[in-house]
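See below for the structure under consideration.
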Amino acid sequence: MGCDGFFFSFSWPRLPTFTRERWPTAIGARVPESDERSSASPAAKVLYNTPLTDAGTLSLTRTMTQTKSIVVIGAGVVGLTTALRIQEQGGYSVTILAEIFPSDTKNIKYTSHWAGAHHVSLAGPDLRQRKMDQDTFKVMWELSAPGGPAEGCFLRIREQEYFSEPIAHPEVLSVMPEFTMIAPEELPPNCAQGISFNTLTIDSPVYLNYLLSRFLAAGGAIVRGTVQHIAEVIEGGGGIFSARKIVSAPDAVVVCAGLGARAMGGVEDKDVYPIRGQTVLLRAPWITFGRAISSKNGLWTYIIPRRSGDIIVGGIKVENDWYPIPRPETTQNILERAFALCPELAPPEIRAEREPVLDDLKPIIIEEGCGLRPARKGGIRLETDWVETAGRGKVPVVFNYGHGGYGYQSSWGSADLALALLKKALAEGK
């Protein structure tokens, strides 16, 4: 869990800020002036090299026959990652259709803004979930490498996890770098087991904007809109939500709508439900390690540092709780638990002079936050459905939602599975 209501010291190298709506997307659209062409991306330059019709407009026949048009519904971490994976695969022209994007003000409808987040798999015996988590970690570890393309989104840390009962499936985390068991004499009171390993944390708002920028730079497009029924997207594509109301039926639709899958017409998956979380964002750049502890009553307390120097502390997991704002009593409880787990949260100048107390955290509080994790009974929905249309036969709809609290840590793995489903569906046709 996390929040985005603050400024970031990290700044990305300038990426192209184009979308396909800036350039011709249909016969009749005018060609941009030459000064725009000089700074265009390679994807845009392909369009500029397309022959002009007699009317002075672009003919896109050749370009369109080489690609499949895909609409991805949803711009959370799962939607962004899935759209990016498909777009960078080549042979696809992807549009993300969403009500809210990463650059928007934080909103309870957009869960990804609120994530902590760190990569600590809790897959248990679920082999599919394990593989998705492990595949995602490999991608993120590479991205987080010093000098890597997205180093500024991540912080590599040493993580300590304490458990009130022995771990049921230690093999899930034993694959993490430099995994070790913590000696019994080093465990906190009331803990049966502890482990330590290297992992990474994710500065969620920064990372989401990185994904979006990378997607746009790869030639992807974005359209803002609220989908009432999936049929409108299948028939008209994302363009029906644009100012020009361009109707262009996609070859396939990918649904990454999170909690939205519960209410979206044509999907209406009542197995989708929220797991409410709440956190506190602190300014504590002296904390460069992660720590978490479970209690016998099911509570998890965690400390997640970010590269920016901010710290997320939490948290709670309450099923079917839709309350959209932080509860003060929960904030107080989180701070008490976090301080007991990690007294080092208090500023070092205070700890150098005296024993710290809980009130020492108040001056470093940035804000409280809460989010609704998009869970699903039975786990992530990764499958293909076929929707009958008038005149085009059946159109494939790929579903990739229901990640609960595992959205970040399984995002690349589930995107790969969604891409495989998409390829198979388009190859089959119906």
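Quick reminder: no glycine exception, Cβ is built from N, Cα and C everywhere.
Per TrEMBL, domain 'FAD dependent oxidoreductase' is recorded for 70-418.
Val227 (FAD binding site) falls outside any helix or strand according to DSSP and counts as coil. Val227 (FAD binding site): 25 other CB atoms within 10 A of its CB, across all protein chains. The annotation FAD binding site is assigned in TrEMBL to Thr111, Ser112, Val227.
The D-dopa binding site annotation in TrEMBL covers Tyr302, Arg373, Gly405. DSSP assigns Tyr302 (D-dopa binding site) to a strand. Cβ neighbours of Tyr302 (D-dopa binding site) (same chain, under 8 Å, six or more residues apart in sequence): Gly116, His118, Gly290, Arg291, Ala292, Ile293, Ile312, Val313, Gly314, Gly315.
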- DSSP-derived class (H/G/I helix, E/B strand, else coil) of Thr111 (FAD binding site): helix
